[in-house]
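Take a look at the structure set out below.
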Amino acid sequence: MQHLVDTSNFSDAQIVQLLHDAKTFKAQRPPQLLRDKLIITLFFEASTRTRSSFEVAAKRLGAAVVHLDPSRSSTKKGESLEDTFANLCAMDPDGVIIRHEENEAPGILADMQMTSVINAGAGNYAHPTQALLDLFTLMEHFEGNIEGKTIAIVGDIISSRVASSGIRLLRRMGMNVILVAPEPFMPQSDLPQYENLEDVLDKVDVIMSLRAQLERHASPIFDDYNEYARHYCITEERLGDRNILILHPGPVMRNIDISDEILEDPRCKVLTQVKNGVYMRMAILKLLLLDSNN
């Protein structure tokens with residue numbers, strides 16, 4: 001039984017296999033490889049892209065999907081997460097996909113060894129499927145070679161599980177990572193750090209913009225989102241004609257994170273990320289629910 005709590009759960013060979021399978025699934029509609037599988041989704045936090053993407057991925061592979069709404073579950077009556085999970089596992093699902101506000105939640109459930117656990121986002125520490133779909137998008141764009149390329153992660157990095165997982169995976173795959181944020185948004189890190197976005201534009205091949213989560217910070221850093229945008233919004237004026245790939249995990253705050261014009265620019269791959277998310281999650285489900293059990 002294998003789990004995906006973070007990308008470190010996968011070997012280099014497995015990541016290569018995921019990239020191959022995602023590319024294959026994107027090129028042609030796959031057979032229903034998981035037609036006898038049952039997956040339960042358990043999202044304790046809001047999700048548009050990740051939950052929908054997983055459900056589409058599972059159904060395209062033929063799996064049945066059951067969604068448990070925590071707001072209407074016995075967790076509201078005081079049942080613990082572990083007991084909720086154990087009761088779900090008594091129904092013999094082949095996997096449980098969980099999003100939770102606590103960093104440790106997916107790992108706690110995985111350690112119970114009752115069914116395969118897939119982390120769909122936990123706290124501010126890990127969002128492994130987002131990191132893997134971003135890797136797929138980058139490998140596709142750079143024709144399979146990202147080693148030595150430089151990515152700037154811009155925005156509220158300290159609050160971002162996307163940044164945490166992405167940094168670990170992209171460094172592992174040979175990319176250079178630099179961080180761009182005001183000091184309160186910056187995590188402790190040995191990576192190069194900049195406060196001024198303009199200082200990195202001639203150094204990078206890719207910018208990953210993150211949503212500014214001002215609500216997560218106790219003391220005001222900016223007066224409002226418009227002030228943040230004046231410093232960190234990815235705009236046509238800032239980019240000029242530089243050939244920089246633009247990514248964002250969503251939801252995008254238009255004209256705060258990325259301008260309307262850049263969202264329509266061919267350098268921006270936000271919707272490609274969403275599309276690739278389905279194929280990468282198909283590959284992940286195949287690996288965990290089929291290949292790992294053979």
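Backbone N, Cα and C atoms are what each Cβ position is placed from, and that goes for glycine too.
Counting every protein chain shown, 11 other Cβ atoms lie within 10 Å of the Cβ of P251 (carbamoyl phosphate binding site). The carbamoyl phosphate binding site annotation in Swiss-Prot covers R49, T50, R99, H127, Q130, G250, P251.
Annotated L-aspartate binding site per Swiss-Prot: K77, R161, R211, in sequence order. Using a 10 Å radius centred on the Cβ of K77 (L-aspartate binding site) and all shown protein chains, the other Cβ atoms total 6.
Closest to Q130 (carbamoyl phosphate binding site) in space, going by CA atoms and restricting to the binding-site residues K77, R161, R211, is R161. Listed in sequence order, G155, D156, S160, H248, P249, G250, P251, V252, M253, D257 are the same-chain residues at least 6 apart in sequence whose CB falls under 8 Å from the CB of R211 (L-aspartate binding site). Residues within less than 8 Å, Cβ to Cβ, of T50 (carbamoyl phosphate binding site) and separated from it by at least 6 positions along the same chain comprise R99, A120, G121, H127, T129, Q130, G277.
Note: the carbamoyl phosphate site is recorded as R49, T50, R99, H127, Q130, G250, P251; in the same chain, S47, T48, A120, G121, V162, P249 also have Cβ atoms within 8 Å of that site's Cβ centroid.
When other Cβ atoms within 10 Å of the Cβ of H127 (carbamoyl phosphate binding site) are tallied across all protein chains shown, the result is 27. Looking at Q130, G250, the binding-site residues in this record, the fewest other C-beta atoms within 10 angstroms of the C-beta turn up around G250.
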